[in-house]
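Copied over from Swiss-Prot:
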type	residues	note
ACT_SITE	89	active site, proton donor/acceptor
ACT_SITE	151	active site, schiff-base intermediate with acetaldehyde
ACT_SITE	180	active site, proton donor/acceptor
């Protein structure tokens, strides 16, 4: 099991500097993580640092609130891909889900999936804000719109990934769709717990410490 290939090595805080992106990319090269996950403004720079490697640049769309319109999310997706993004993690319209406006939730996801084309799309449902019924519905809609993954959390809300949520998401989408656990995954033990629950990708800012088997003290 190549644990590094499960990990999106992440730096999404608003105060992230160019130097921190350079460090993130260097660590990703050294440890051969699946991707670095950075905000859209950092995609082009991260891509330039990872030329000639297998490490993808992942970015986030409508992040962290998910409250942009479908058209804005689609534009953001296309712009990020033009800059070199190889994967996109979008946040759903959480309020629309709460309102049971499932057509809008679906339209929003489809806008990004269509804009992304062959680029992997992950759909962040922000589990901490949802009931179990809403989590299931969000996963069903994401799957129906052709997304590649469902993802637990932004890491910027009231809670992160739990093994219970990952297991529920896996049960909902079946064996073939990706499930990404993110938010509060800080140790080797955390990662293994999430993988055992059904996760096929991990979002973490503590990727190096995880691989070293260390408990990290980061925020997300």
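Including glycine, each Cβ sits where the backbone N, Cα and C put it.
Annotated features, which come from Swiss-Prot, shown on the structure.
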residue	record	DSSP (3 states)
89	active site, proton donor/acceptor	strand
151	active site, schiff-base intermediate with acetaldehyde	strand
180	active site, proton donor/acceptor	strand
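For residue 89 (active site, proton donor/acceptor), applying a Cβ distance below 8 Å and a minimum sequence separation of six or more within one chain yields 37, 58, 59, 60, 61, 63, 122, 123, 124, 151, 180, 203. In the structure as shown, the Cβ atom of residue 180 (active site, proton donor/acceptor) sits within 10 Å of 29 other Cβ atoms. There are 30 other CB atoms within 10 A of the CB of residue 151 (active site, schiff-base intermediate with acetaldehyde), with all protein chains counted.
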